[in-house]
Amino acid sequence: MPYKVTVCGAAGGIGQPLSLLLKLNTDITDLALYDIVNVPGVAADLSHINTPAKVTAFLPDNHGLKNALADAQLVIIPAGVPRKPGMTRDDLFKINAGIIRDLATAAATYCPNAFMLIISNPVNSTVPIVAEVFKSKGVYNPKRIFGVTTLDVVRSSRFVSDIKNWIDPVAVRIPIVGGHSGPTIVPLLSQIEPAQDFTREEAEALTKRIQYGGDEVVQAKNGAGSATLSMAHAGARFAQAVIAATLRGEKGVVEPTFVALEADSANAAALQASVDGLDHFALPVELGPHGVERIHPIGSINAFEKELLAIAIQDLKGNIQKGVDFVAASK
Ligand SMILES: NC(=O)c1ccc[n+]([C@@H]2O[C@H](COP(=O)([O-])OP(=O)(O)OC[C@H]3O[C@@H](n4cnc5c(N)ncnc54)[C@H](O)[C@@H]3O)[C@@H](O)[C@H]2O)c1
Ligand SMILES: O=C(O)C[C@H](O)C(=O)O
């Protein structure tokens, strides 16, 4: 069955290794790579790999964005600028908000039914931007728009196995809820599978490391960008989860992701009430043939996690509204 995936920002630090991992995915038949620079070389290189996906390159000229997006079933967006030391993800809003708005406008026009996977920061604002653009074009379907928070999940599995070294980092699962920026990343260590006890000191240290894992990489790269290789892995993992549920019809595929809570209409009111009325939040999401199938509630959490959640909710209010206001002001 044909399955077209489009990567916007494909020549970047994330875009290149992500495109490589997607080229290795044999469910994908057509891999369209779009960027404003350098993408023909990336596509020529990847096109020599002997897997089924046909790789094509698109630059902005000659209706490149339109042709890259046309008939795409899945669009992944890692376009935009990354952080340098001393910056917050919100500092990227000034440049990335406009990039995401314009890419979302094109996607709403040329592939309105595609699953949209948003990597570009600040995710807490860029996802609401995509939602508002799709609404303004009359093609909004909250089941199909995802903020990719998988890197937080990947990191949490790895970091927990650093302190409990008998734990297999592949098997361990920690729900990460909230959003994707330091204080809004809330790991629910009390819900770790397989079950595990942490002292308060362990839980605090581990939580801090998960919340600020991105900063570790930004500092180590020392001005040359932020996480790219681990993000490519995380993005490919989330893309495969979406493909497994939507194309292959696999059941029980659950990944934490930042979504509009109205995507689960039966539970939206209760979900929103649990996060002080926020309309977007990262929670473990069960994926189905149409995208979001069911959003898992926060569940039972301890006093420490309640404190973290309260802080995350306050930050998220401003981040989400900033995205909404940006699109309103662009009209
Ligand atoms: N969600 C996450 O967990 C996560 C993790 C890591 C990085 N990020 C974010 O991903 C983004 C990209 O990071 P990177 O390290 O790949 O940056 P990068 O600068 O290496 O690459 C970005 C690419 O986007 C391209 N680009 C810029 N404007 C574009 C446009 N209008 N259309 C298409 N392409 C465009 C650039 O040419 C470049 O190739 C950043 O915003 C970063 O903060 C998110
Ligand atoms: O830290 C960053 O700015 C990039 C990304 O959001 C990450 O978590 O690594």
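Using N, Cα and C of the backbone, Cβ positions are placed for all residues, glycine too.
Sorting each residue of the domain 'Lactate/malate dehydrogenase N-terminal' (4-147) by its DSSP state yields 62 helix, 26 strand, 56 coil. What TrEMBL records for 4-147 is domain 'Lactate/malate dehydrogenase N-terminal'.
Here TrEMBL flags G9, A10, A11, G12, G13, I14, G15, D35, N96, I119, S120, N121, M231 as NAD(+) binding site. Long-range neighbours of N121 (substrate binding site) (same chain, six or more residues apart, CB within less than 8 Å of its CB): G80, P82, R83, R89, L92, N96, H180, S181.
Classification of R155 (substrate binding site) by DSSP places it within a helix. Counting every protein chain shown, the number of other Cβ atoms lying within 10 Å of the Cβ of R155 (substrate binding site) is 25. Marked as substrate binding site by TrEMBL: R83, R89, N121, R155.
Taken from TrEMBL, the feature domain 'Lactate/malate dehydrogenase C-terminal' applies to 149-326.
What TrEMBL lists as active site, proton acceptor is H180.
M231 (NAD(+) binding site) falls within a helix when secondary structure is assigned with DSSP. Within the same chain, residues at least 6 positions away in sequence whose Cβ sits under 8 Å from that of G9 (NAD(+) binding site) are G15, Y34, D35, I77, P78, A79, G80, S120. Cβ environment of G13 (NAD(+) binding site): P82, G225, S226, T228 lie under 8 Å away, each six or more residues apart in the same chain. Largest CA to CA distance in the NAD(+) binding set (G9, A10, A11, G12, G13, I14, G15, D35, N96, I119, S120, N121, M231): 18 Å, whole number. H180 (active site, proton acceptor) carries neither a helix nor a strand DSSP state and counts as coil.
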